[in-house]
Amino acid sequence: MPRSRINGNFIDKTFSIVANILLQIIPTTSGEKRAFTYYRDGMLAQSEGNYAEALQNYYEAMRLEIDPYDRSYILYNIGLIHTSNGEHTKALEYYFRALERNPFLPQAFNNMAVICHYRGEQAILQGDSEIAEAWFDQAAEYWKQAIALTPGNYIEAQNWLKITKRFEFE
């Protein structure tokens, strides 16, 4: 039984019902429908913290999905799971792959910046200020890209960029 049919909470049930209706009314191939079903089940598993199950569903969705835009969101979600698991190198790889297919994902740029900023903080704790500055500079570049795509968002990042004099805003 697909995961979407066994969820108990109202939001998950509502999402599943809407997704199933969309699958029926939008003209798509059976492969696209199967890919979306795996993607949807991956999102539900991810929202419940079942990351191994979510990854299995996302990998299957990737195998079936041919649209680069849709694949970008699958890759982004895989990156989120690796971020949650502390696997930052893998997460960065998946965010990069998502952005190759869809360069208009500000949330991917933001998450990459957060990882770089975290690595900069870790370098400071290890006493390596030169490496820390390189990580912070990289974080700044990613945040600038995220902010350029969605100027009203990422206020904390904008403040950090101003405070550290890495970016001037009008």
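Cβ atoms here come from the backbone N, Cα and C positions, even for glycine.
Taking DSSP states H, G and I as helix and E and B as strand, the repeat 'TPR 1' (35-68) has 28 helix, 0 strand, 6 coil. Sequence annotations record features per position, and here Swiss-Prot assigns repeat 'TPR 1' to 35-68.
In the repeat 'TPR 2' (72-105), the DSSP tally of helix, strand and coil residues is 27 helix, 0 strand, 7 coil. Taken from Swiss-Prot, the feature repeat 'TPR 2' applies to 72-105.
Confidence over the repeat 'TPR 3' (120-153), given as mean pLDDT on the 0 to 100 scale, stands at 97. Annotated repeat 'TPR 3' per Swiss-Prot: 120-153, in sequence order.
Sequence-distant contacts of the repeat 'TPR 3' (120-153) (same chain, at least 6 residues past either end, Cβ-Cβ under 8 Å): 104-107, 109-110, 112-114, 160-161, 164, 166-167. Sorting the repeat 'TPR 3' (120-153) by DSSP state (H, G, I as helix; E, B as strand; all else coil) yields 27 helix, 0 strand, 7 coil.
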